[in-house]
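Here is what Swiss-Prot says about this protein:
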- HIS120, CYS126, CYS147, CYS148: Zn(2+) binding site (BINDING)
- THR440, LEU441, GLY442, TYR443: K(+) binding site (BINDING)
- 77-88: compositional bias 'Gly residues' (COMPBIAS)
- 531-546: compositional bias 'Basic and acidic residues' (COMPBIAS)
- SER8: phosphoserine (MOD_RES)
- SER9: phosphoserine (MOD_RES)
- SER15: phosphoserine (MOD_RES)
- SER21: phosphoserine (MOD_RES)
- 440-445: motif 'Selectivity filter' (MOTIF)
- 1-230: topological domain 'Cytoplasmic' (TOPO_DOM)
- 303-316: topological domain 'Cytoplasmic' (TOPO_DOM)
- 369-384: topological domain 'Cytoplasmic' (TOPO_DOM)
- 477-628: topological domain 'Cytoplasmic' (TOPO_DOM)
- 231-251: transmembrane segment (TRANSMEM)
- 282-302: transmembrane segment (TRANSMEM)
- 317-337: transmembrane segment (TRANSMEM)
- 349-368: transmembrane segment (TRANSMEM)
- 385-405: transmembrane segment (TRANSMEM)
- 456-476: transmembrane segment (TRANSMEM)
Amino acid sequence: MISSVCVSSYRGRKSGNKPPSKTCLKEEMAKGEASEKIIINVGGTRHETYRSTLRTLPGTRLAWLADPDGGGRPESDGGGAGSSGSSGGGGGGGGCEFFFDRHPGVFAYVLNYYRTGKLHCPADVCGPLFEEELTFWGIDETDVEPCCWMTYRQHRDAEEALDIFESPDGGGGGAGPGDEAGDDERELALQRLGPHEGGSGPGAGSGGCRGWQPRMWALFEDPYSSRAARVVAFASLFFILVSITTFCLETHEAFNIDRNVTEIHRVGNITSVRFRREVETEPILTYIEGVCVMWFTLEFLVRIVCCPDTLDFVKNLLNIIDFVAILPFYLEVGLSGLSSKAARDVLGFLRVVRFVRILRIFKLTRHFVGLRVLGHTLRASTNEFLLLIIFLALGVLIFATMIYYAERIGARPSDPRGNDHTDFKNIPIGFWWAVVTMTTLGYGDMYPKTWSGMLVGALCALAGVLTIAMPVPVIVNNFGMYYSLAMAKQKLPKKRKKHVPRPPQLESPIYCKSEETSPRDSTYSDTSPPAREEGVVERKRADSKQNGDANAVLSDEEGAGLTQPLALAPTPEERRALRRSGTRDRNKKAAACFLLSAGDYACADGSVRKEGNVEPKACVPVSHTCAL
């Protein structure tokens, strides 16, 4: 809008006077820019920009500030964690100031995204924090530039690795009596065992013994849950090592006894005598193996009876190994007294199947972090292993064919097949030589004897070194990542349950803040979707004639609508999901809010009126608006 001074100057120019001065035009342009400017105070850092800049990304939180009267707001959470909007007063000219209690450093990147259209991720900010800030400001994470995408994804990759990696202290996180994670695990186990199986409740009298199930499960599954659990873990480790040692000693000649067995067969009037030799193991080794199997059986039965989820227990690979390693011993003991041919055949098969006992070595993964890290590394590096196998297969096929034809070059004319002077009779035999050469083993059982074959052998060795060297660094990086995560998680201090104070009630005198007690001049915040769905929350105020101050009072309907979500406590599964996903919202209150300018007045009837059109006792200044 052009001022009266410039209008008179313009009219004077038509009648022959001087044109409007440059100073006047600059003042008018400055006034127009001032009315378009907006000041955003984030965490105490003031940012100044134009409303047109904020409108470049419609549907976001800052776009709502640029057009507070627009009705096209998306149905999304408008509260956010720890957010509030307030008028800062001296916005300068016609501009206004909005305050948000968010991270000021991240907001600089967000505002720069509005200006340039390119969203970059700061390297000095933790990934989950940047993700939360993007969610609060209503920006999609897919808008992150490719140059910063790996930095942004780094935290999520670590979280995914933590999700599939059990805690290094045995699954329970080394939970102490007041450990929050340990309490959640125990609560989850009680829920899976049933409502009356926890030993506390109306039905605890009849099923009180079932209340020991979580404790027994932790005793045999979590070595760090108690001292008794550590003793059980040490005993299990001892029996595993003894069983593996016994298995190895059974194959030594010093522990094998040769026995001559005489068999007499009578068929009618004909009697035949047969002599055969049998090899028996020292009885002491059999007794030791029997004691170990008894321990493993007891451990297996206790764990399957007290497990929270039987289906998960049955599908666990280590539990399958336990069962397969225990079963042959009992079958062998049961069939040892039988003399039939079928029984002897079964016993012979069971003796061959004894090798499954060596699989008990994998049970050590429950007690050693490094073995668990190795297992997760192998699973995470499946693609790299497949790539390595494909490279080796291609190299073996190529060099086996080349060595076969290279060795035929030096064949004598009298040799029609051309393979009398070489070991490479055909291409399939060359496969073995190519594998041994590419893996740099070089047994020496087969080697080229012609100059062309030697050249192919040199190329095969070089190709093998390069082929194996390419995927190995990726596998090593995976192992390093998992190992560092395991060590970091093992050294993390235990999280104790903290006392969370109850939120102030609506009728509490500290719930609403006045201008004398609040450091801000007036209060702003964002419109939340619950407020849009249930209607605009009315702020009723009454004029107190005793002290002349305005007291903010909320209606009962509003109080019920605001306090109801606060009363819902998250379940243990939800708390675990929140910790795994990296969400670290500390404030769960999402309050209904208004974008009011300084000088507006909230009236008793719920309406908002501008300054200058205010009845004396009907409205109160926005500076006394409740800060939710």
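Glycine too: its Cβ is placed from the backbone N, Cα and C atoms.
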Excluding the flanking five residues on each side, which residues at least 6 beyond the ends of the transmembrane segment (456-476) place their CB within less than 8 Å of a CB in that stretch? 377, 381, 384-385, 387-388, 391-392, 395, 399, 402-403, 406, 434, 437-440, 447-448
Densest Cβ neighbourhood among CYS126, CYS147, CYS148, LEU441 (binding-site residues), 10 Å radius: CYS148
Give the three-state DSSP assignment (helix, strand or coil) for CYS148 (Zn(2+) binding site). helix
Hey, what's the Cβ neighbour count for TYR443 (K(+) binding site) at 10 Å? 10
Using a 10 Å radius around each Cβ and counting other Cβ atoms from all shown chains, which of the binding-site residues HIS120, THR440, GLY442 yields the largest count? HIS120
CA pair CYS147 (Zn(2+) binding site) / GLY442 (K(+) binding site), Å rounded to integer, equals 45
Provide, as an integer number of angstrom, the distance between the C-alpha atoms of TYR443 (K(+) binding site) and CYS148 (Zn(2+) binding site). 49
Apart from THR440, LEU441, GLY442, TYR443, which residues in this chain have a Cβ no more than 8 Å from the mean position of the Cβ atoms of those residues at the K(+) site? VAL436, THR437, THR439, GLY444
Looking only at the motif 'Selectivity filter' (440-445), how are its residues distributed among DSSP helix, strand and coil? 0 helix, 0 strand, 6 coil
Taking residues 6+ outside the transmembrane segment (317-337), which of them lie with a CB under 8 Å of any CB in it? 289-290, 293, 296-297, 299-300, 303-304, 343, 346-347, 350-351, 353-354, 356-357, 359-360, 362-363, 365-366
For the topological domain 'Cytoplasmic' (303-316), jot down how many residues DSSP puts in helix, in strand and in coil. 10 helix, 0 strand, 4 coil
HIS120 (Zn(2+) binding site) sits from LEU441 (K(+) binding site) (Cα to Cα, rounded, in Å) at a distance of 49
Rounded inter-Cα distance in Å - HIS120 (Zn(2+) binding site), THR440 (K(+) binding site): 46
Using DSSP, what's the helix, strand and coil tally for the topological domain 'Cytoplasmic' (369-384)? 15 helix, 0 strand, 1 coil
Using Cα coordinates, what distance in whole Å links THR440 (K(+) binding site) and CYS126 (Zn(2+) binding site)? 44
